[in-house]
Amino acid sequence: MSLAQKSEHQHGRISFANSNSNESNPPDYEAVDVLGPRGPQDGGLSVLSIDMCVADNRKDHYTDKYKNSSLIVRRNKEFTIIIKLNRAFSAEQDNVQLEFMIGNSPYVNKGTYIIVSIGKEKRDGRWNGRVIGTQDTEVTVGITPDARCIIGRFRTFVAVVTDLGKQRTQRNPDTDLYVLFNPWDPADQVYMDKEEDRQEYVMNDVGNIYDGDFNNITSFSWNFGQFEEGVLDACLMIMDAGKVPLMYRGNAIQVVRQGSALLNSQDDDGLMVGNWSGDYSGGTAPTAWTGSPEILLKYVNEGYEPVRFAQCWVFAGVMNTFMRGLGIPTRAITTFRSAVDNTGNLKTDIVLDEDGKLDRSRTKDSVWNFHCWNEVYMKRPDLPDNFSGWQVIDCTPQETSDGLYRCGPTSVNAIKEGELSYPFDAKFVFAEINSDLIYYKADKYGKLKIISVNTVYVGKLILTKKKDSSEYEDITSNYKYPEGSLKERETMQMAVRRGVTSMDNLTLPEAGVDIELQADTIKIGDNFKLTLNIKNQTSQTCTISAVITGCAAFYTGITSTTFMFENQSEFYKNSLEYMPYLVEQSNLLFMVYGRVEESDSSLCTMKVVNLQPPELTMKMTGSPRVGKELMVSVEFLNPYNFTLKKVQLRIDGPGLTQTKLKQYSQILPGASVIYKVLLIPQSLGKKVLMACLDCPLLRQVTNQLEFEVVQDENINEQSVILGTR
């Protein structure tokens, strides 16, 4: 189904006036209203061909990595084209216009119809043009799109203008022109001044996303693949499907704000369907994806139906692709212990029942083990100067903003300073990393009483991938001042003045006792020991009673099943006690409630134990050389006493292979599977090949190979392996 057909099918979902995909083209000849012959005159000037100089221009514009045959350029940077005429060009006598059009019914005043004149009647326009040189019947022209140009695919025409009319070249897709944002140019809204930043946040097509828990950080590779075939067009089609007006597409603020809504399907059938239910029938589990191209191309190839399914890291990974593909510097962010606080009141409530056990029915708020969003880099002319730079955007559907499920862009610097009145959605992001954890306990009548407040649990750590490295960078200090510092208190006071509601002043009895749960790193299926450490900070003897609740939990902090309720300070748990209750990503949440008899004070703490999956082994045979075959094998051994069913194994890597999917109906206990793939590297440089095994009983078992691809003549028979994980 074509985009136009899809639009009709969905009752006008796509407005053609807002569509990069649809076009209406001018006639080949436009006559002026005078008597005379129609069409070009004998001996007049005419255009024989247009050479877009694709290879040279794309190299000069840092777009040569895109697997797209058309010319792709960046704003406010000159590109050249060569026009071949039927005779020599005369700047004094001839009037030639280059016309660039985007969308349906293009207009000059909307920036969708660009006219660049060369010759005797040169006129001022949004884009600059000049004659670089002439040779025989060829004219080399330099064209510079303006720094606020609309982003998208333009159609190119060359017209010869005479007193009798205008003779155009015919519509030719080979002369189409893509214009992107330009982070290399100081006049562009997304300018970055360091080349190393541009290489990481615009040009890097693979990266790491961090997950796990604050005490046990793990990571996996993600194929952003912004240069892969069809991906750039898919990004433009997403904006078409979302009815983003073409005139907005030159404004980076509008593009990222619209994008944060378009990538989820909560509104107007966006790109991906969020699903945290654990039931992924009718789609692909979020944990099974390895990269963005498969998702974007599936959306386009299957009639623009939302792709099923995604969770926060999938949304963040695809957003990275969407933004980098358009030229906006972007990075994926992981916040550990992120509060979901839809009211923006800086309170996250945990309810315990009369016995001190976690009351799952009355605990509505949650703290996510981790949450992924994105930062984009841009000038914010609508804000004070110090609030430009990195901006938070989040397309995971959590809360509506101006009627749509979206978040941002909101200034990271503004969040740090508590300046929450500036657009967009600063209060929501501030609450995610600054909420207080409030513990309530029910009495025998069900009445709730606040028993403990933890002001440092939420927003514990914020990470992103370090530039030119597979390690992470701690950027918590970009968002928050040190806990307990004067600046942190001033920030909270500013946030309250800007409209958030903080915890009321509340005097609770001082316990004088610290408690901490301790557990070693545990693999799925292992027995484990859990220890409750208690430290008396007073000079008096304290009598303490404590209970520990253990629940299987999703990474969103939502608990599934309670599998233990203990009152010991140290105990061992057999895997048989928790394995039947595990949910995806294999998290166990332990809650401690204690009471100090002497002071009648309460003690509360939480700990998440993220169980580690088994290994996925990757091996490479041969030397990684451009255009030469390379064999990679992926092996998995089922270490459990139960059968794994409906198993998917993906292999992915930009510049190496499109996503390859192998499916197994089952893997028996103790059995192994080996998947061998033949690869032919297409380009030089560092490459990452990633693999992911996923099934309902075992989610997101990942590994990766990192290696250097070199020219055939510069390598011996040994492959250059940089590392595996």
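Positions of Cβ are set from backbone N, Cα and C atoms, glycine also.
Bear in mind that the values here come from a model prediction, so they are computed numbers and not experimental data.
Database features, via TrEMBL:
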{"type": "REGION", "residues": "1-36", "note": "region 'Disordered'"}
{"type": "COMPBIAS", "residues": "1-11", "note": "compositional bias 'Basic and acidic residues'"}
{"type": "COMPBIAS", "residues": "16-25", "note": "compositional bias 'Polar residues'"}
{"type": "DOMAIN", "residues": "304-397", "note": "domain 'Transglutaminase-like'"}
{"type": "ACT_SITE", "residues": "Cys312", "note": "active site"}
{"type": "ACT_SITE", "residues": "His371", "note": "active site"}
{"type": "ACT_SITE", "residues": "Asp394", "note": "active site"}
{"type": "BINDING", "residues": "Asn434, Asp436, Glu483, Glu488", "note": "Ca(2+) binding site"}
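This view paints the features noted in TrEMBL onto the structure.
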| residue | record | Cβ within 10 Å |
| --- | --- | --- |
| Cys312 | active site | 27 |
| His371 | active site | 27 |
| Asp394 | active site | 31 |
| Asn434 | Ca(2+) binding site | 23 |
| Asp436 | Ca(2+) binding site | 19 |
| Glu483 | Ca(2+) binding site | 10 |
| Glu488 | Ca(2+) binding site | 16 |
Check: same-chain CB within 8 A of Ca(2+) site center, minus Asn434, Asp436, Glu483, Glu488: Thr455, Val456, Val458, Gly459, Lys480, Met492
His371, Asp394, Asn434, Asp436, Glu488 filtered to the recorded positions whose C-alpha is within 10 Å of Cys312 (active site): His371, Asp394
Nearest recorded site to Asp394 (active site) by CA-CA distance, among recorded positions His371, Asp436, Glu483, Glu488: His371
DSSP helix/strand/coil residue counts for the domain 'Transglutaminase-like' (304-397): 18 helix, 40 strand, 36 coil
Candidate nearest His371 (active site) in space, where candidates are the binding-site residues Asn434, Asp436, Glu483, Glu488 and distance is Cα-Cα: Asn434
